Structure formats: structure tokens, C-alpha cells
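Beneath this line is the structure, given in C-alpha cells, with notes to follow.
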Amino acid sequence: MPRFPDQLLYIGGRYVPARGGHTFEVVNPATGEVLANVHNADADDLDAAVDSAKAGQRHWAALTVVERSRILLRAVALLRERNDALAELETLNTGKPLSETRSVDIVTGADVLEYYAGVAQALQGVQVPLREGSFFYTRHEPLGVVGAIGAWNYPIQIALWKAAPALAAGNAMIFKPSEVTPLTALKLAEIFTEAGLPDGVFNVLPGDGASVGHALTEHPEIEKISFTGGTATGRKVMASASSSSLKDVTMELGGKSPLIVCADADLDLAADIAMMANFYSSGQVCTNGTRVFVPRALRTAFEARLLARVQRIHIGDPLDERTTFGPMVSAAHMQRVLEHIEQGKAEGARLLCGGERLRDGALAQGCYVAPTIFSDCTDVMTIVREEIFGPVLSLLTYDDEDEAITRANATSYGLAAGVVTPDLSRAHRLIHRLEAGICWINTWGESPAPMPVGGYKQSGVGRENGLATLQAYTRTKSVQVELERYASVF
């Protein structure tokens with residue numbers, strides 16, 4: 001018997017059953033417990049959601065910026081008021097420790113919504129005189145109905161990252177959460193309605209890519225798609241969006257990000273950063289710094305510091321406040337991570353710790369993979385080249401700065417990068433040469449609301465967060481005004 005009742009679609013400000021009658025199970029990855037049967041949307045449901053969104057968007061866009069901002073700020077207050085309950089639901093669905101979801105997931109999502117509610121007034125056009133009797137002005141107009149597809153690792157945070165700028169700019173959004181972790185996106189829809197968002201302005205369609213995701217990307221009345229997920233899927237989404245109606249797209253995709261530890265680095269600080277860049281959220285973070293470059297002479301000392309810190313990881317029940325490391329999000333994903341680990345062993349990487357599924361006691365019921373560190377890695381190894389999206393750190397050695405930069409950039413990805421050094425001149429010199437969209441110096445992982453987030457190369461297109469993203473949910477209209485009598489040449 002599932003813990004929760006059946007979860008329906010959210011269309012037009014209320015819950016409705018899927019027209020096709022199909023459902024899928026959502027499972028707690030820490031225990032294997034079935035949490036709920038979720039209705040699976042299809043193309044017919046999408047058409048209903050689009051009709052609802054079009055009607056709601058006209059009302060929403062007609063409100064003043066101040067009126068829209070007040071509603072969004074009421075949603076912020078409700079999110080913060082219900083932080084603990086939402087965090088517990090997120091933990092049950094994702095397996096992430098409650099200590100994380102309470103302090104990060106809802107908090108940072110609400111921060112982004114508050115940010116866009118505050119800066120929406122910045123959508124101002126320009127007025128430019130052309131001559132004494134003529135000028136033009138520009139205005140930013142909402143796109144209309146936009147679509148978004150979320151990832152499974154930060155379900156409610158990603159939903160808010162995508163909804164906040166879209167709604168602040170006057171659009172309606174149809175959001176498809178990951179079929180693995182759809183529960184909190186539905187709660188977010190409830191909160192938006194309670195806050196006063198017009199019906200249809202935020203619709204949620206759970207379901208898989210084949211039944212509703214593809215239909216969303218190719219629907220002719222959806223003006224933009226924002227997608228977070230793997231690069232291979234991102235290519236398909238982009239192709240579908242462009243071939244159907246030349247939709248604008250934002251893509252936040254995969255990464256294999258480098259963390260460069262410089263020869264003058266504080267090794268304790270560097271080890272702390274490397275641990276957070278690899279084992280936070282059990283390694284299921286797109287920006288993880290999984291390729292850790294350390295000077296050859298410091299390898300042994302650095303390995304010792306990493307191993308000491310692995311001993312401090314508290315693996316267990318995600319609902320236990322002491323837990324700092326939970327399971328993989330699903331059995332299928334756990335298997336993919338374990339296959340990469342076995343490939344690392346087969347290709348000659350030296351296993352320092354972990355490298356196996358955890359089966360002790362209650363952990364056997366869940367999808368737990370031990371924190372894993374490989375040393376003596378080379379650039380051609382599969383674990384160094386491919387995104388694993390799990391708790392697997394690859395340690396590589398280098399001899400000089402130029403070598404480190406060249407090898408760090410030798411990837412098709414370009415999402416994130418980091419440098420650890422007390423010499424800020426060196427830090428900036430290295431960062432400016434690294435081919436990545438998000439870079440950190442002597443820290444890792446923070447993405448505040450005003451900071452644009454996105455990748456180079458095959459790690460993405462466009463940006464999430466920041467002022468430019470608000471503008472990306474609008475189109476610019478140019479209007480020329482002639483004050484004097486128009487002079488025709490005919």
C-alpha cells in the first residue's frame with residue numbers, strides 16, 4: 001500500500017486525472033517503499049494544459065509588475081512557512097539527507113523566486129531619439145506559454161529556478177518534473193494557486209519523456225523550452241524544439257568538471273572542497289568537480305587527507321538528522337554508477353576506498369553506493385571522461401600549470417571548474433583560461449540567485465538565474481514613432 005494517495009496532474013489550478021488512465025510508481029530509494037502511484041500525462045493532457053495556460057497567461061500578463069510580484073512574494077512566504085514539510089517529502093522521494101533538503105533545496109528555490117519578484121521591474125525598454133521629429137522605443141513582452149522539463153536531483157529547486165523568471169516576466173509555464181521525483185513540484189503548484197496565481201499559469205504534468213516530454217518539446221503553441229538533464233537527452237530536446245516551431249531553448253546539461261589544486265594550496269582546505277565537490281548529495285550534482293588535479297609531489301599527502309574525511313561521512317537513513325550521505329535516486333541509477341566503478345577498476349585506476357554497493361543492515365533495502373575514490377587515473381579512462389553522477393572522485397596528477405589547464409579543458413563538457421590557491425593572481429589567471437561557465441576560487445558549489453548558471457560546449461545553452469535570464473523569457477518589440485508628417489518619395 002503506497003504511503004500517499006494517488007498523485008494527479010495539476011492543470012488549471014486544480015488536480016485532474018490523466019485522460020489515458022495510466023500511472024507509474026514513485027519509490028523511496030532509501031527503503032524501496034512505494035510512495036505513491038502518479039498519473040502519467042500524455043499529449044491529450046498537454047493540449048488541455050496548453051489551453052489552460054493560454055487563458056491564464058492573458059490574465060497574468062495584464063497585471064502590473066507590482067501585482068505579479070506581490071503574488072510571487074506570497075508564494076515565497078508559503079514556501080518558507082512549509083520548508084520542513086516540503087523538505088521531508090523531498091527526502092522521501094530523492095533519498096537526499098534531510099539535513100540537506102531542509103537547509104538548501106526549498107531555501108534556495110525560494111530565494112530565486114524572491115529575487116525575480118524583486119527585479120521584475122528591471123524589464124525596462126529604451127527610448128532613443130533618431131532626429132528632431134522621430135524616435136523609437138523598445139518594450140519587453142512575455143513569450144506566452146513556455147515549457148520546462150526538470151531533473152530528478154533537485155526537484156523543487158529546479159522547478160523554482162525555471163518558474164521564477166518565466167512567471168516574473170508574465171509568462172505561463174507547463175512543467176514536467178522527472179518521473180522519478182515528481183512529488184514536490186505538485187506541492188509547488190498548490191502553493192502558487194494558494195498565493196493567488198491565476199489558474200493555468202503554472203501547470204504540472206508528471207510523466208515520462210515518451211508520453212509527454214516529447215509532446216511538450218514539439219507543441220506548436222509553446223514558445224520556449226527550458227531543460228535540465230543529461231547531454232544526450234538535451235540534444236534530442238533541442239532538435240525537437242527547433243524542428244517543430246523554432247522554439248527558444250535553455251539547456252542546463254551534464255558536466256565532468258575539473259578542480260585544480262595548486263602547489264601552494266592549503267591541502268586541508270583543498271580536501272574539504274574536493275569532498276563537497278564530489279560527495280554532497282551523494283555525488284548526484286551536475287556541477288560536481290569529479291576530476292581533481294593535484295601536483296604530483298602532493299598526491300600522497302592529499303590522498304591521506306581525503307581518506308581521513310571519508311571516515312567522517314555519516315551514511316544512513318536520510319530522515320536521520322545525523323545522516324550526511326544517502327542513496328542513489330533509484331535502483332537503475334545505482335546500477336549505472338556501479339558499472340562505471342567496475343570499469344574504473346578494469347581500466348587500471350587504483351581504488352583508494354569504496355567501489356561497492358553498501359548492504360549492511362537497513363542499507364541493503366536501499367540504493368546505497370559507498371563513497372569512492374580512484375587514484376592514478378589517466379585522461380583516457382572512462383571514469384575520467386564520462387559523467388557518472390554518483391559518488392566517484394577521480395584523482396589525477398600534474399607537473400605544471402599549463403599541463404593542468406590543457407588537460408582540464410580536454411573535454412566536451414564545460415559546466416564548472418575550480419581552483420584552490422591562496423594566490424589570487426594565480427587563481428584568476430587559471431580561471432580565465434578554464435573553459436567553463438561556472439567557476440569557483442577556494443570554494444565550490446554555491447549558486448546564488450543573481451549569479452548566472454550555465455555551461456560552455458556541450459554542457460548547455462543559455463543560463464539559469466541572474467538578470468539576463470529574466471530577459472530571456474521575453475521578446476523585444478521595437479516601435480518607431482514619427483512626430484512630423486511622413487514624407488513619401490512617391
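Cβ from N, Cα, C; glycine included.
Listed in sequence order, V26, W152, V329, S330 are the same-chain residues six or more apart from V180 (K(+) 1 binding site) with CB atoms under 8 A from its CB. Look at Swiss-Prot and you will find N93, V180 tagged as K(+) 1 binding site, backed by sequence analysis.
Long-range neighbours of P177 (NAD(+) binding site) (same chain, six or more residues apart, CB within less than 8 Å of its CB): G150, P155, A159, A185, L186, V204, P206. What Swiss-Prot records for G150, A151, W152, K176, P177, S178, E179, G230, T231, A232, T233, G254, C286, E387 is NAD(+) binding site, and it gives sequence analysis as the kind of evidence.
Secondary structure at K162 (active site, charge relay system), taken from DSSP and collapsed to helix, strand or coil, is helix. The Cβ neighbour count for K162 (active site, charge relay system), using a 10 Å radius and every protein chain shown, is 26. Summarising the annotation, Swiss-Prot assigns active site, charge relay system to K162 (among others).
What Swiss-Prot records for L246, K457, G460 is K(+) 2 binding site, and it gives sequence analysis as the kind of evidence. Secondary structure at K457 (K(+) 2 binding site), as computed by DSSP, is helix. Sequence-distant contacts of K457 (K(+) 2 binding site), defined by Cβ-Cβ distance under 8 angstroms and a gap of at least six in the same chain, are T411, S412, Y413, G414, E435.
In sequence order, L143, E223, K224, I225, A472 are the residues near D248 (site 'Seems to be a necessary countercharge to the potassium cations'), counting only same-chain partners six or more apart with C-beta under 8 A. Annotated site 'Seems to be a necessary countercharge to the potassium cations' per Swiss-Prot: D248, in sequence order, evidence recorded as sequence analysis.
Annotation comment: Swiss-Prot describes E252 as active site, proton acceptor. For E252 (active site, proton acceptor), the same-chain residues that are 6 or more apart in sequence and have a Cβ closer than 8 Å to its Cβ are F227, T228, C286, V453, G454, G455, G460, E464.
The active site, nucleophile annotation in Swiss-Prot covers C286, and the record cites sequence analysis as its basis. C286 (NAD(+) binding site) carries neither a helix nor a strand DSSP state and counts as coil.
A simple way to gauge crowding: the CB of C286 (NAD(+) binding site) has 25 other CB atoms within 10 angstroms, across all the protein chains here. Feature annotation from Swiss-Prot assigns cysteine sulfenic acid (-SOH) to C286.
If you look up Swiss-Prot, you'll see E464 (among others) marked as active site, charge relay system. The DSSP secondary structure for E464 (active site, charge relay system) is strand.
The two recorded residues T231 (NAD(+) binding site) and K162 (active site, charge relay system) have their Cα atoms spaced 18 Å from each other. With respect to their backbone Cα atoms, K162 (active site, charge relay system) and L246 (K(+) 2 binding site) stand 20 Å from each other.
Candidate recorded positions: E179, E464. Fewest other C-beta atoms within 10 angstroms, E179. Under 8 Å, Cβ to Cβ, and six or more positions away along its own chain, N93 (K(+) 1 binding site) finds V26, N28, L35, P155, T181, P182, L183, T184. Once the Cα atoms of G150, A151, W152, K176, P177, S178, E179, G230, T231, A232, T233, G254, C286, E387, the listed binders of NAD(+), are compared pairwise, the greatest separation found is 23 Å. Between the CA atoms of E179 (NAD(+) binding site) and L246 (K(+) 2 binding site) there is a gap of 26 Å, rounded to the nearest whole number.
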